[in-house]
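**Student:** Questions regarding the structure given below will be posed in turn.
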Amino acid sequence: MTDRSRPSARLMDGTAPARRLTEATAAAAADLRLRTGVTPCLATVLVGEDPASVTYVRMKRARCEQAGIRSRHVPLPAGTGTSRLVDVLGELSADPAVHGILLQHPAGPDVDERAAFEAIAPAKDVDGVTTHSFAAMSFGLPGFASCTPGGIMRLLDEYQVELAGRHAVVVGRSAILGKPAGMLLLGRDATVTYCHSRTADLPSILREADVLLAAVGRPELIRGEDLKPGAVVIDAGYNPGNVGDVHFASARERAALITPVPGGVGPMTIAVLLAQTVEAAERQLGLG
Ligand code: NAP
């Protein structure tokens, strides 16, 4: 039973802002089609048949269709090597009918994923995975943000979370999530601390966080008692059983704002992917 004497954080719902962003994207895609006759196209590349990856790609393609974006799917057999994958990504990069490219992570044990990502032309890197995109994002230059961090920033803005001068703690430093998210927070004048598996005394750092981003992949690693009262908590973790990296019930009693899992960060990620695909098409057609 909930203890009603304790304050309870406001939920940062991601579904409604994601829907609004997708509606705006669909309108932009329709406008582009009207003006140029071109339908924006996202190529999805999937190596193997990992069930979670198959589901993610299917979901992304279904959302494309809803937003009036064409999707071209390129399934490759498990065991596909780096050079074949690099060739496929190079061909898609050179194909004028393709405006955005998504290589589903993980690409498998036989692939040098970094080399594969780098084969995506920066102009089509709508998932924000290339070194070029990371550098552009870090320097505040035009380019595509990594989708989940980009979605997190939009969510923070949606809830008018002040970032300048506040201490943002990012737990996790992966290339697709923690690291770019920290760069975007830094770009908004937050004071950023990165934590990872070798961080000593994680709870003492968590207690200093005005804004906490959990991007770990460990179910309920972070608990309410670890939080600074009134913190803004973004839980990007998505673990089996729809469980985040934050223990929701205890964190909700201490935080001011908290994302639910599911329905927080997840929907924003796909919405950003679609928005960036249409933006890429606009730029490639000289309209961006
Ligand atoms: P990842 O590549 O496995 O990285 C996990 C990070 O967490 C690493 O930097 C690791 O540190 C750190 N870590 C591991 N155990 C830790 C501990 N006990 N204390 C502190 N740090 C620890 O994972 P990822 O791809 O970034 O994904 C993280 C989570 O986000 C997963 O649950 C994933 O499903 C979810 N995710 C969600 C979305 C979405 O759209 N909602 C998108 C992407 C990912 P080291 O670097 O030292 O190993």
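For all residues, glycine too, the Cβ spot is worked out from N, Cα and C.
According to TrEMBL, the protein has these features:
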BINDING   Gly172, Arg173, Ser174  NADP(+) binding site
DOMAIN    12-127  domain 'Tetrahydrofolate dehydrogenase/cyclohydrolase catalytic'
DOMAIN    146-284  domain 'Tetrahydrofolate dehydrogenase/cyclohydrolase NAD(P)-binding'
**Student:** Near the NADP(+) site, what residues other than Gly172, Arg173, Ser174 in the same chain have a C-beta no further than 8 Å from the centroid of the listed C-beta atoms?
**Tutor:** Val170, Val171, Ala175, Leu177, Gly178, Lys179, Tyr194, His196, Ala215, Val216
**Student:** Over the span of the domain 'Tetrahydrofolate dehydrogenase/cyclohydrolase catalytic' (12-127), count residues by DSSP class, listing helix, strand and coil in order.
**Tutor:** 60 helix, 18 strand, 38 coil
**Student:** Please list residues from the chain of Ser174 (NADP(+) binding site) whose Cβ is under 8 angstroms from its Cβ, counting only those at least six apart in sequence.
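**Tutor:** Looking at Cβ-Cβ distances below 8 Å from Ser174 (NADP(+) binding site), excluding near sequence neighbours, one finds Ala215.
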**Student:** Kindly state the mean pLDDT of the domain 'Tetrahydrofolate dehydrogenase/cyclohydrolase NAD(P)-binding' (146-284) in the predicted structure.
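**Tutor:** On average, pLDDT over the domain 'Tetrahydrofolate dehydrogenase/cyclohydrolase NAD(P)-binding' (146-284) sits at 98.
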**Student:** Under a criterion of Cβ-Cβ distance under 8 Å and sequence separation of at least 6, what residues of the same chain contact Gly172 (NADP(+) binding site)?
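**Tutor:** Residues satisfying the criterion: Gly178, Cys195, His196, Leu213, Ala214, Ala215, Val216, Gly217, Ala236.
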